[in-house]
Each structure stands twice: as C-alpha cells, then as structure tokens.
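Quick look at what Swiss-Prot lists:
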type	residues	note
DOMAIN	3-166	domain 'EngA-type G 1'
BINDING	9-16, 56-60, 118-121	GTP 1 binding site
DOMAIN	205-378	domain 'EngA-type G 2'
BINDING	211-218, 258-262, 323-326	GTP 2 binding site
DOMAIN	379-463	domain 'KH-like'
Amino acid sequence: MIPVVALVGRPNVGKSTLFNRLTRTRDALVADFPGLTRDRKYGRAEVEGREFICIDTGGIDGTEEGVETRMAEQSLLAIEEADVVLFMVDARAGLMPADIAIAKHLRSREKPTFLVANKTDGIDVDQAMADFWSLGLGDIYPIAASHGRGVTSLLEQALLPWVDEVNPQEEVDEDAEYWAKFEAEQNGEAEEEPEDDFNPQDLPIKLAIVGRPNVGKSTLTNRILGEDRVVVYDMPGTTRDSIYIPMQRDEREYVLIDTAGVRKRGKITDVVEKFSVIKTLQAIEDANVVLLVIDAREGISDQDLSLLGFILNSGRSLVIVVNKWDGLSQEVKEQVKETLDYRLGFIDFARVHFISALHGSGVGNLFESVREAYDSATRRVSTAMLTRIMNMAAEDHQPPLVRGRRVKLKYAHAGGYNPPIVVIHGNQVKDLPDSYKRYLMNYFRKSLDVMGTPIRIQFKEGENPFANKRNTLTPNQMRKRKRLIKHIKKSK
C-alpha cells in the first residue's frame with residue numbers, strides 16, 4: 001500500500017513550500033482534495049521511483065490552553081492517518097512554545113517522525129539548530145524549502161530509506177516479475193516476441209469504483225455482483241472503508257474495490273469517514289482500472305475534477321460512468337452530454353458510459369471498456385514498431401528548429417507499462433516545445449490504438465563523449481603553438 005507522509009508544524013514554517021516541492025506543483029491548492037477539512041491539502045509525490053501520498057496541513061497554534069485543545073482538527077487527523085510525519089520548525093524564529101507542545105504530542109503518538117528545520121539560508125545553521133535538540137526527536141534535517149537547499153539530503157537520508165523499509169520493492173505487486181521481463185525486451189531482436197511463461201491476462205484486473213458520496217458506487221457494485229454485498233442506503237457516507245471483492249465475469253477474474261466517497265471539503269464531521277479518504281486514494285494507486293462514477297443529476301463538480309486529477313497523475317486506466325441516467329428528459333440528457341464534452345474534453349481517451357446502477361441499464365457494457373483499457377495499458381510493443389511510428393510522426397510533421405538546429409529523433413522503445421511509457425532518444429529532444437510533445441503523444445495513441453489509458457512520453461538525450469574533454473595536440477601542432485607564443489612575446 002502506498003505510504004502516507006504528513007507535514008505538520010506551526011503556521012508559516014514552510015510546510016506548503018515543501019509540499020509543492022515534493023508534489024512538483026506551484027501552488028498547494030492545485031492538490032486541494034475535497035473530503036478533508038478546510039486547510040488540509042494532499043497530493044501524490046514520486047521521488048526516484050518511490051511513490052507516496054503527501055499531506056499538507058494548516059498551521060498548529062499552540063497556546064496557553066495547550067496543543068491538545070488548540071491544535072487544528074485536520075492536523076491531528078493527518079498525524080493519525082500518516083505513516084510518517086515531517087515535523088517542520090522555523091530555524092530563524094528559533095524554538096517556540098508551540099514547537100515543544102507539538103513535539104510532545106508526536107512523541108505520545110509514537111509515529112516515525114523526522115524533525116526538519118526550515119529557513120536555514122543565510123544563517124549559522126549549527127547555532128540555529130542547537131535549541132531544537134531539546135525536542136528529543138533525533139536528528140535534525142536543515143533545509144531551505146523555498147530554494148530547494150537540503151531537500152535532497154532530507155529525501156536521501158531520511159524519507160526514502162524509510163519508504164523502502166515500509167514498502168519494499170519485492171512487495172509492490174504480484175506481477176513485478178512480469179514487468180521486469182518487459183524491461184529486458186530491448187536486449188533481444190526488435191520484432192521477435194520473447195516467450196513468456198507469464199501473461200497479464202492471467203492476473204485478476206483490479207477495478208476501483210470511486211466518486212463522490214451517494215453517486216451510486218455501492219449500488220453499482222451490487223448490480224455487478226448480483227447480490228447485496230455492500231451496504232446501500234440513500235444517505236452519503238454509508239461506505240466507510242474500501243472493500244475488496246473478488247469476482248469472475250466472462251472467464252476473466254476481477255477484484256472490485258468499492259471505495260468511500262470523496263466529499264466536499266468542510267462537510268466531513270465523522271472521524272472514521274475522514275480516514276476513508278486516504279484509503280480511497282490508496283485504492284486508486286492499487287487498481288489497474290478506475291471507474292469514476294458521476295451523478296448525472298448533479299453534473300460534474302470540482303470534487304469530481306480533483307479526483308480525476310489524482311487518477312491521471314497516478315497513471316491509472318480510466319472509464320467514466322455517468323449514473324442515474326434513467327428518468328432524465330431528452331433535453332436534460334443533451335445538456336449533460338454538452339457539459340461532459342466541455343469539462344472533460346482533455347481526456348478524450350476515456351470511454352464514457354451512461355447507466356442506471358439501480359435498474360441495471362448499461363452496466364453490462366462497462367466490462368468491455370474495462371478490458372479494453374487494461375489490454376491497452378499492458379500491451380507489449382516492440383522497439384522496431386515504436387521507432388517506426390516515431391519516424392512516421394516526424395515525416396508527417398518535422399520537429400522544430402532549436403537554436404538553429406533541427407531536433408533529431410533517433411529511436412523509441414517501451415519504458416514501462418500500466419500506464420504505457422514510450423522513451424524517445426535523440427538530440428536536443430528535451431528542448432522540444434510542449435505542442436510537439438503533445439503531437440507525438442497523440443500520434444502514438446492513434447497509431448497504437450490505445451484507449452482507456454493515459455500514455456506517457458519520456459525524452460532522453462545521449463551524452464556527448466567529448467564533453468569536458470580537451471583535444472590532444474599533435475607534435476606539429478605543439479611546435480606551431482610554441483612558435484606563435486614566441487612571436488607574440490617578441491611583438492610585445
């Protein structure tokens with residue numbers, strides 16, 4: 001299961017700045033997921049191949065009443081649901097009473113905690129950190145989050161070793177061996193399909209059903225299963241946890257993951273329900289294909305788009321399900337379709353199904369799109385095929401000039417699966433404009449007939465073998481150089 005990292009501390013110690021660096025966003029609000037309390041934001045971070053969910057909390061104001069009574073509720077919950085805590089302090093301001101109170105609370109929870117001293121740029125670090133040793137939280141990691149200084153050391157020395165410990169590579173997925181064989185494909189003949197003893201079709205498809213509360217996720221699960229396996233009640237929040245249910249359909253095995261709804265922020269009052277939001281995100285990370293359920297009567301909300309953003313960032317295959325389609329007039333249906341085209345036009349690769357989970361209409365067609373998305377995400381493509389498609393794309397639309405030179409695309413190969421990753425090697429490819437990168441992505445998608453899954457393009461440039469090297473002069477060149485030096489000295 002993907003680990004959860006919480007950032008806690010007093011106001012204005014730099015939590016959001018570090019959050020933005022870890023999640024690679026410019027504004028913490030971009031990753032503001034509904035279903036959490038007002039000042040709590042979270043996003044997906046990936047560092048050197050390790051993935052984790054990062055939570056940014058509102059500042060904790062420890063006063064004379066004590067941190068237990070004055071600590072913001074969302075920050076307390078972030079500590080509870082996190083696997084590890086990054087406790088941030090302000091090195092410029094020094095040790096404050098609130099820092100002491102927060103440290104006391106963290107020690108009582110016995111959570112793995114790393115003490116991070118921020119704003120260390122331009123000051124004597126050793127002197128600034130001296131007082132913080134009294135907090136009794138072990139080593140102190142000095143950083144300057146606004147400039148990125150020390151963040152790499154924090155990751156390499158503290159966070160990444162911990163992620164490896166709680167989420168070892170061999171436990172990531174049962175099909176890791178299969179994908180490892182895919183990675184080794186490039187060493188063989190380009191067109192030859194290696195003989196594999198293992199096939200992705202032998203694995204059950206993990207199918208997560210996500211959406212806002214009361215959009216009909218559990219009703220859809222029960223309709224698919226043909227039994228009342230999940231509690232259903234016409235009231236938001238009746239599903240408290242992610243439920244894993246194995247099933248078989250059309251001689252294919254599946255694991256259905258019914259999740260709790262992601263609710264509008266500020267409207268969650270039950271502690272148990274707040275915990276379920278993290279489990280929803282973890283279910284998305286664990287799934288192969290995600291069914292995003294939208295209520296046709298309520299339309300697309302910001303919560304739907306936020307959840308959609310997390311699904312896309314995770315690289316999961318996607319099928320959009322518009323539920324409660326029955327009973328709507330033709331005029332309303334046309335309006336809903338226009339809204340979908342307008343707000344979801346950027347994900348034209350995903351199939352959209354209009355269904356009624358309650359009555360079962362349209363549900364049977366979902367699995368055709370699920371299988372199509374899974375097959376697209378796990379399909380194996382040879383280096384020769386990808387290179388041929390790349391060359392056709394370059395012939396149809398030449399790469400632009402960069403600093404007076406034409407960008408050269410050399411070859412392409414598969415860099416990963418689920419989602420499909422195409423790695424393109426060439427000269428100056430990292431300088432390609434975003435418009436041409438999108439063109440290549442769409443060209444590969446159309447040529448490979450990829451449907452239901454995002455496709456990613458990565459660019460790599462070969463190292464210059466003559467970089468940082470000086471030419472060795474021949475004996476004649478050395479003699480000529482000496483004569484020139486003597487001539488210059490005489491002329492002076």
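Cβ coordinates are placed from backbone N, Cα and C, and glycine is handled just like the others.
Mapped onto this structure are the features recorded in Swiss-Prot.
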| residue | record | CB count, 10 Å |
| --- | --- | --- |
| Gly9 | GTP 1 binding site | 25 |
| Asn12 | GTP 1 binding site | 12 |
| Lys15 | GTP 1 binding site | 29 |
| Thr57 | GTP 1 binding site | 28 |
| Thr120 | GTP 1 binding site | 22 |
| Gly211 | GTP 2 binding site | 24 |
| Asn214 | GTP 2 binding site | 19 |
| Lys217 | GTP 2 binding site | 28 |
| Thr259 | GTP 2 binding site | 27 |
| Trp325 | GTP 2 binding site | 20 |
Q. Can you give the mean pLDDT for the domain 'KH-like' (379-463), rounded to a whole number?
A. 90
Q: Check the Cα-Cα distances from Trp325 (GTP 2 binding site) to the binding-site residues Gly9, Thr57, Thr120 and tell me which is shortest.
A: Thr57
Q: State the three-class DSSP label for Gly211 (GTP 2 binding site), counting H, G and I as helix, E and B as strand, and everything else as coil.
A: strand
Q: Work out how many Å separate Gly211 (GTP 2 binding site) and Lys15 (GTP 1 binding site) at their Cα atoms, rounded off.
A: 29
Q: Fill in the CA-CA distance, Lys15 (GTP 1 binding site) to Asn214 (GTP 2 binding site), as an integer in Å.
A: 33
Q: For Thr259 (GTP 2 binding site) and Ile60 (GTP 1 binding site), determine the Cα separation and express it in whole Å.
A: 30
Q: Could you check what DSSP calls Ile60 (GTP 1 binding site) once collapsed to helix, strand or coil?
A: coil
Q. Including all protein chains displayed, how many Cβ atoms other than that of Ile60 (GTP 1 binding site) lie within 10 Å of its Cβ?
A. 24
Q.
Of the binding-site residues Asn12, Thr57, Thr120, which one has its Cα closest to the Cα of Lys217 (GTP 2 binding site)?
A. Thr57
